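Let me begin by presenting the structure, written as structure tokens, before commenting on it.
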Amino acid sequence: MQAINIGLLGLGTVGGGVAQVLRDNAQEIARRLGRDVRIIAVCDKSAERVAELCPQATFVANPMDLVAREDVDIVVELFGGTGMAKEAVLQAIQLGKHIVTANKKLLAEYGNEIFALAEQKNVMVQFEAAVAGGIPVIKALREGLAANQIQSIAGIINGTSNFILTEMREKGSAFKDVLAEAQRLGYAEADPTFDIEGHDAGHKITIMSALAFGTPVNFGACYLEGISKLDSRDIKYAEELGYRVKLLGITRKTEKGIELRVHPTLIPECRLLANVNGVMNAVRVNADMVGETLYYGAGAGALPTASAVVADLIDISRLITADTENRVPHLAFQPSQVVPQNFVSIDDISSSYYLRVQAADKVGVLGTIASLLAKENVSIEALIQKAVLDNNQAEIVILTHSTIEKNMKAAIAAIEAQECVAAPVTLIRMESLHG
Ligand SMILES: NC(=O)C1=CN([C@@H]2O[C@H](COP(=O)(O)OP(=O)(O)OC[C@H]3O[C@@H](n4cnc5c(N)ncnc54)[C@H](O)[C@@H]3O)[C@@H](O)[C@H]2O)C=CC1
Ligand SMILES: N[C@@H](CC=O)C(=O)O
Ligand code: NA
């Protein structure tokens, strides 16, 4: 059988991994697929890197020339970002090329336009590497769980943030040193703010939310809060109370609509997700028939991500001649069934909370705080006073029962308005992750 010809846009961390996987596992892949997969053309800023890593391929300086090549069957987009990547992907689809991409930003922001054009042009856009790197979670959501109504997804889906949180907790390392190490190891995005401010996890949970609930991708509806403002004291106090702090992406179907959010979260240390460390990712899916399932593996890095890219190449190569109706729909549901739904504002979610209040260490302060919480219907689950700080101040750590976020924020505003309260109150949401 004729080989499948790949045109590669981007030979960076992931592109280099794809070249290596296709080279080192060429025989295994051909045994599975019944034909060879070969990279025939590469566009990258560095012609030298192309000559070194893909000596068999033609270097192409202009991405538009690569996507226009008649001998290219599948375009693999690994540029990243939404500039040239978007232009080249749309043009490739226009020209009838199938696409494999690892670009979650592109799909979370422009997926609706890209999938609509792909359906019109009868081509496939595959993106397993875009969510949780090497973990086949897109496959699980689109195919493995297709018999279910999905209820919720919660995941550690940014390897860089999880690596930083793990190193801070285990070794007491400084935030910026660990971030530099994550960049050196090829885990971080070209602009690492996307990792530490929650955008990357937001892109990924947005894509999973669309797949789970049959909605168009709607990144604008995603609440984002990253790890950059986390204080190591909160990680320590959480630990003393039996919790770990993780950056979670959460999407959940509720009576009010779909929740879609990313934020640091306290998780009981006995839960599996609390014990996912380093660059590892894990996604927990709750669905009505199967119950809880958990997917774990490397969420970033050259070879794990390339593993997902090459799996998509194999999938497309198998389906290339299949009728359109036999293909798995891009967003898991038939295009006519992908319908807009209501998303819940962060103020209307229900959660329990960890609060840290810095206040004067004097009689009556605890009582004042407790009564301000009670006034907003916030009930306290645990309250401890931590070490007395300089200036006669103490830190009060409070765990609350579940309450509506706007009530919690109203109580915090009232607490912060007290003269005895010396600094903004720290709030971290909690997830019990049971049931
Ligand atoms: N690094 C990782 O662990 C993972 C990355 N991803 C995604 O994979 C994609 C690629 O990421 P990396 O390989 O880490 O990035 P990278 O920055 O290492 O590689 C990008 C490559 O594309 C080339 N490039 C970019 N724009 C170009 C243009 N206009 N013309 C020619 N060459 C151009 C650059 O020269 C570079 O070699 C991104 O969308 C990223 O979000 C997804 C999962 C994991
Ligand atoms: N920067 C991302 C890479 C994979 O998607 C991460 O750290 O998870
Ligand atoms: Na994946």
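Keep in mind that glycine also has a Cβ here, set from the backbone N, Cα and C atoms.
Some features that TrEMBL has for this protein:
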type     : residues                                              : note
BINDING  : LEU9, GLY10, LEU11, GLY12, THR13, VAL14, GLY15, GLY16 : NADP(+) binding site
BINDING  : LYS104                                                : NADPH binding site
BINDING  : GLU189                                                : L-homoserine binding site
ACT_SITE : LYS204                                                : active site, proton donor
DOMAIN   : 354-430                                               : domain 'ACT'
LYS104 (NADPH binding site) and LEU11 (NADP(+) binding site), Cα-Cα, nearest whole angstrom: 17
Other same-chain residues whose Cβ falls within 8 Å of the Cβ centroid of LEU9, GLY10, LEU11, GLY12, THR13, VAL14, GLY15, GLY16, the recorded NADP(+) site, in sequence order: LEU8, GLY17, VAL18, ASP44, LEU78, PHE79
By Cα-Cα distance, the member of binding-site residues GLY12, THR13, GLY15, GLU189 nearest LYS104 (NADPH binding site): GLU189
Spatial separation of LYS204 (active site, proton donor) from THR13 (NADP(+) binding site) - C-alpha basis, Å: 19
DSSP-derived structure type at GLY10 (NADP(+) binding site), helix or strand or else coil: coil
Distance [Cα-Cα, Å, rounded] between GLY12 (NADP(+) binding site) and GLU189 (L-homoserine binding site): 11
Candidates near ligand 2 among the binding-site residues GLY12, GLY16, GLU189, judged by a Cβ under 6 angstroms: GLU189
Nearest-integer angstrom distance between the alpha carbons (Cα) of VAL14 (NADP(+) binding site) and the residue listed as 'L-homoserine binding site': 11
Between GLY15 (NADP(+) binding site) and the residue listed as 'L-homoserine binding site', the C-alpha gap once rounded to whole angstrom: 14
